[in-house]
Amino acid sequence: MSSSGFLPKSSELNLRERRKNFDGDQLSDTDDNELHEKNDEKLVETHGAELKKRKIAKFANMGGIAAITLLSFYVRFMKIDASDIVVWDEAHFGKFGSYYIKHEFYHDVHPPLGKMLIALSEYLAGFDGNFDFSSGDPYPNGVNFKFMRQFNATFGALCAPIMLLSAQNLGFSTLCSYLLGLMVALELSFISLSKFILLDSMLLFFTATTFHCITEVHKLRGKQFTKKWSLWMLLLGISIGCVCSVKWVGLFVTVIAGVYTVADLLSYHYDKNMGRLRYYKHWFIRIIDLIVIPFMIYLFCFKIHFTILSRSGTGDAATNTLFQVNLDGNNIEVGPRDVAYGSELTIRSHGLSPNLLHSHVQLYPLGSGQHQVTGYGHSDDNNRWVVKFSRESGLSLDNSTILDSKHLLLRDNSEIRLVHKNTQANLHSHEIPAHVSKNSYEVSGYGDEVIGDTKDDWVVEIVEQLDSSNSSLPQEDPSVLHPISTSFRLRHKELGCYLATTGLAYPAWGFKQAEIVCKHSWTKRDKSTWWNVEDHWNPAMEKTEGYIPPKSKFWADFVLINFAMASSNNALVPDEDKYDSLASEAWEWPILHVGLRMCGWGHHTVKYFLMGSPFQTWLSTGSLVAFVFIILRLAYKWRRQSVLVTSDFLSKVGMQGILPFLAWLLHYLPFVAMGRVTYVHHYVPALYFALLVLGFVLETCVPKRFYLNYIIYALLYAGCIYIYNLFSPIAQGMQGSAIDFRYLQWFNTWNIAL
């Protein structure tokens, strides 16, 4: 086909097309650049908006935390001085604080940190220690009890924001986290215990900080060995040390920290990508931070405790002779430095129950039926014994001549007879089983100066001599028995057993005093068989001028005091012959079966009723049951392979649900099993963890649909606030007649109204 003159040649057409395409390509690149620039601008704008949104959310969250904190402080500080009398256990802990002000040694079942903090509040309040905090007594005008209570309330108030932050760390939703914070802020039992000079708010605070530190460490598990991770690991150890130094209940949350740590280390153990050196580094850091540091804090608290309490006080009986004799103003009679036949003395055990050898007119109801021989820590005339010659020797004392002869001093392997000064009975043992420790022999008071046998005879075995702190004194004869500084054993001449304490107590017929036995001891270092002379009287001998007793050893004091704390705690058993209206059983707490009157219930008394909030307590108890079903259902679905269980999912369920549930169990079940007397306030730490379990159940069960989610949480928030407003008088103080508050007594067991 011939080309038309009006049409371009094909080559020209192709060239034009190429040019057109080329021009078009140039135009397209320009458009692309513009498009990229626009997209970049949009990305910058989007990123900026996102940063702005995050910043706003961060400030909003900080504002929310501040609001919860302020609310928590408000409800605890409100009317905190409405009652101007000593309420409930303020009689104990306020008094313990005053001992630090006066530097007087005392003994209690709890470690010293919480009581030293109470003492700090009293010191800051200008208290001089001259009020004895007798229960129900009005506070004098010069005692700023309001500040002391506010100091204590601060610990309780801070638990609410800590709960909120812990919930956020666990990955709970904003609504759920703030609900838990609000529940802690408005929990009636937490408020009541925070308002007074008690240990419970401090215990709850350090329990909460310990668990919070666990959540912080878990949140940073992908950033191990960073400064932030190391800081939170250190804070976890400090918190563990503090919670255990307030009450031994803190050991339960310590176990939770241990469970988390073991699980964490196991995951690293099976991580094939982790080098051994890095793995061992994990172990080293945890040993230092979570074992060494807490123990050092616990030790340091006792070191401060011993240093401050430098004067003799009500707690002397719980300590050994060396500790007592170094207290200012102690009552130990430092007599002549050599013990002789004819000396009158008291002897104290070196065992874990450092009691004085004691006897009285009462007889054993079983066994020999002879005079009881017990251990008793306090000063008493029935602690006095007279050293006489053994029955086998046939010698008798002539007080006008014996003290001039050196051979009448008590030495290693001297044979003696100890005669009780008041009953005139001889310290005696025989092959009759002891009354508590059946594998040992009974020790009794038998006969008198005329009636007796060779089973009254004992052999002195000196095991240790301590030098005087006054180095200028001449060296004492190491073969002679000296008061205070000589440790010795008493071996029964016929039976070969040793006079010993067991750390156990006699039943009520023995006045719950310490058991004394004669036992076979296979090692010389058995401290339960060690004794020392404490008081020494002998008018025919001269006192040694300038004698300064040796210093006690901190480690020995530390061990003995802790054992004494445990013994005192175990002695807090219910009295079957006496009704205790304040005591309750563990099963009653999660269902709010009972409460506790914290003070007198008179018309003119501001009355406080210790009880958990019905809303928080019942919901959390229900959530514990629901949690078990959720886990069982999850296990069933996993068994049927209808749900995919990943490591991340397990980690989430473990931290949000299993760990808090285990913490609740550990803080609750011991009180079910223990034999000691229990009260409502023992449930407080367990309730804290039950609320965390409630958070997990809500996160699992509440529908995620927008309107349902908001409606359910709105009802929960409203219920929490409404129940607080309704029941607030029991925590803020009920004034007037108790009958006016009958509307709060939903059950007959809630003895709010008379």
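Every residue, even glycine, has its Cβ placed from backbone N, Cα and C.
Annotations in TrEMBL come from automatic prediction, not curation.
Residue counts for the domain 'MIR' (336-390) under DSSP (helix as H, G, I; strand as E, B; rest coil) come to 3 helix, 26 strand, 26 coil. If you look up TrEMBL, you'll see 336-390 (among others) marked as domain 'MIR'.
Model confidence over the domain 'MIR' (407-463) is summarised by a mean pLDDT of 95. According to TrEMBL, the feature domain 'MIR' maps to 407-463 (among others).
The domain 'MIR' feature in TrEMBL is assigned to 478-536 (among others).
Look at TrEMBL and you will find 18-41 tagged as region 'Disordered'.
Only residues 6 or more beyond the boundaries of the transmembrane segment (59-77), in the same chain, are considered here, and those with a CB under 8 A from a CB of the stretch are 150, 153-154, 156-161, 164-165, 168, 174, 178, 181-182, 184-186, 191, 194-195, 724, 728, 731-732. The transmembrane segment annotation in TrEMBL covers 59-77 (among others).
The transmembrane segment annotation in TrEMBL covers 147-165 (among others). Panel annotation: around the transmembrane segment (147-165), residues 64-65, 68-69, 71-73, 76-77, 80-81, 94, 97, 117-118, 120-122, 124-125, 127, 177-178, 180-185, 190-191, 193-198, 201-202, 204-205, 208-209, 212, 688, 691-692 of the same chain, lying at least six beyond its termini, place a Cβ under 8 Å from a Cβ of the stretch.
Here TrEMBL flags 172-191 (among others) as transmembrane segment.
Under the heading transmembrane segment, TrEMBL lists 230-263 (among others).
Marked as transmembrane segment by TrEMBL: 283-302 (among others).
Residues annotated as transmembrane segment in TrEMBL: 615-636 (among others). If you look at the transmembrane segment (615-636), the same-chain residues 6 or more away from its ends with a CB under 8 A from one of its CBs are 183, 186-187, 590-592, 643, 645, 653, 657-658, 661, 664, 687, 690-691, 693-694, 696-698, 700-701, 719-720, 722-724.
If you look up TrEMBL, you'll see 657-674 (among others) marked as transmembrane segment.
Residues or ranges marked as transmembrane segment by TrEMBL: 680-698 (among others).
Beyond the ends of the transmembrane segment (710-727), by six or more residues, the same chain brings 75, 175-176, 179, 182-183, 186, 188, 613-616, 698, 702-703, 744 to within a C-beta distance below 8 angstroms of the stretch. Feature annotation from TrEMBL assigns transmembrane segment to 710-727 (among others).
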Spell out yes or no: are there three or more C-beta pairs under 8 angstroms between the transmembrane segment (230-263) and the transmembrane segment (283-302), with each pair 6 or more apart in sequence?
yes
With a Cβ cut-off under 8 Å, give me the same-chain residues at least six positions beyond the ends of the transmembrane segment (657-674) that come close to it.
211, 214, 249, 252-253, 255-256, 259-260, 586-587, 589-590, 624, 627, 630-631, 682-683, 685-686, 689-690, 692-693, 695-697, 700
List the helix, strand and coil residue totals of the domain 'MIR' (478-536) as derived from DSSP.
6 helix, 28 strand, 25 coil
Do any residues, 6 or more residues outside the transmembrane segment (283-302), come within under 8 Å Cβ-to-Cβ of it, and if so which ones?
111-113, 116, 225, 230, 233-234, 236-238, 240-242, 244-245, 254, 257-258, 261, 265, 557-558, 561
On the DSSP side of things, how many residues of the domain 'MIR' (407-463) fall into helix, strand and coil, could you say?
5 helix, 28 strand, 24 coil
